[in-house]
C-alpha cells in the first residue's frame, strides 16, 4: 500500500502505445518519483530507449528516476500498472481479446507477486473488467488493492461529448458511464448535471439537444474506440491520461471519486465481478464504492452488463490452468 514512505514508485508493465503514453503523461504532470518500465526480453531495448528519451524531459518538469526494469524491481513499488496485452484490432471487441490476454495477465501477475510486491495493482489491458478480475484471482490480493481503469475513459468521453454540444467546459459537466468498459456500458442520465443543474433541466432551459441527439451522443461515446481504431489503429492518449489521474489519486492519497472497475458485493444486485462504477480511491486502494442510486432502467442495464462479464469469466475459468493459479 502507498503513503508508507516518501518515495513514490511506479512500475509499468507494457511499453506499447498505451504504456509509453502513460509514462509520458506521468513525466509531463510530475507524478511519481520513480518509474520502472518492464517489457518482454525481445523489447527490452525499447524500454531502455523510452526511459532515456523520457529522462530528457525532466529538466522541463520535475526530478524522477526512470529506467528499464525487471520484475525484481516490483518488490518495493507502490503501484504496478499493467498495460501489456494483445492490442484490439479493427473488427474485434474488447471481449474478443480474453483468451490471449488472460494468459499474458497470469504470467505478469505471477512474476510481480513473486517479487514480494505488496502495493496496488492498476489494470488497463483489455478486456479490463475481466483482466482486473483475473489479477485479483491470480494475485491473492485483497479486492481493495486491485483496481481496473474501468469506465474512467468512457466517462471522460461522455463529459467531453456533452460539453462540446452545450458549449460548457467539460470540467463543469458531471456524468458517469457505468458497467463494462465495452459494448454493454450505459450512461447514467439520471445523475448527469451541469454545475449542479440536472441535465434534463439544463436542456429544457437551453434547448441545446433533443432526445435523439442524446441517443446519438451516447452511441458515439460507446463506440469511440472502434472509430479511433479504424482511423489510426489504436487508442492510447485518452486512457494514458486517465491512468495518470488514477495514479495521482493513489500516490497522493486523495480519496478522489473516480469511475473504476471495482469488485461487486451485492450493490445493484451484482456480485463477484469487477465492473465500472464510481469509487473513492486513495493510498490504500479502493476506500469504498460510491453506490449512486440508479433508476430501474439503469439498474437493469448494470445487471445485464455484469451478466455478460460473468459469462465470459465462467467460460474462461473452465481452463484448469487458470483454476490452479487462482488464489482468491
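A Cβ is built for glycine as well, from the same backbone N, Cα and C atoms used for every other residue.
Copied over from Swiss-Prot, here are the features:
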BINDING   18, 39, 46, 71, 85, 86, 107, 124, 125, 126, 149  NAD(+) binding site
BINDING   88, 94, 126, 127, 128, 129, 154, 155, 156, 157, 235  substrate binding site
BINDING   159, 174  beta-D-fructose 1,6-bisphosphate binding site
ACT_SITE  181  active site, proton acceptor
MOD_RES   226  phosphotyrosine
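Sequence features annotated in Swiss-Prot and their locations in the structure.
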| residue | record | DSSP (3 states) |
| --- | --- | --- |
| 18 | NAD(+) binding site | helix |
| 46 | NAD(+) binding site | helix |
| 85 | NAD(+) binding site | coil |
| 125 | NAD(+) binding site | coil |
| 149 | NAD(+) binding site | coil |
| 159 | beta-D-fructose 1,6-bisphosphate binding site | helix |
| 181 | active site, proton acceptor | coil |
| 235 | substrate binding site | coil |
Neighbour tally for residue 156 (substrate binding site), based on other Cβ positions within 10 Å of its Cβ: 20
Residue 88 (substrate binding site) CB neighbourhood, other CB atoms within 10 A: 20
Residue 154 (substrate binding site) versus residue 125 (NAD(+) binding site) - Cα distance in angstrom: 15
Inter-residue Cα distance where the pair is residue 46 (NAD(+) binding site) and residue 154 (substrate binding site), in Å: 30
Assigned element (helix, strand, coil) containing residue 154 (substrate binding site), judged by DSSP: helix
Max CA-CA distance, Å, over listed NAD(+)-binding residues 18, 39, 46, 71, 85, 86, 107, 124, 125, 126, 149: 25
Integer Å distance between the CA atoms belonging to residue 174 (beta-D-fructose 1,6-bisphosphate binding site) and residue 85 (NAD(+) binding site): 31
Number of Cβ atoms other than its own within 10 Å, given for residue 235 (substrate binding site): 22
Residue 128 (substrate binding site) and residue 149 (NAD(+) binding site), Cα-Cα, nearest whole angstrom: 7
Between residue 174 (beta-D-fructose 1,6-bisphosphate binding site) and residue 128 (substrate binding site), the C-alpha gap once rounded to whole angstrom: 23
Spatially closest candidate among 128, 156, 181, 226, 235, the listed recorded positions, to residue 107 (NAD(+) binding site) (Cα to Cα): 128
Residue 85 (NAD(+) binding site) CB neighbourhood, other CB atoms within 10 A: 25
Structural state of the residue listed as 'phosphotyrosine', classified by DSSP into three states: helix
Cβ atoms near residue 181 (active site, proton acceptor) (within 10 Å, other residues, all chains): 31
Cβ packing number for residue 154 (substrate binding site), 10 Å threshold: 28
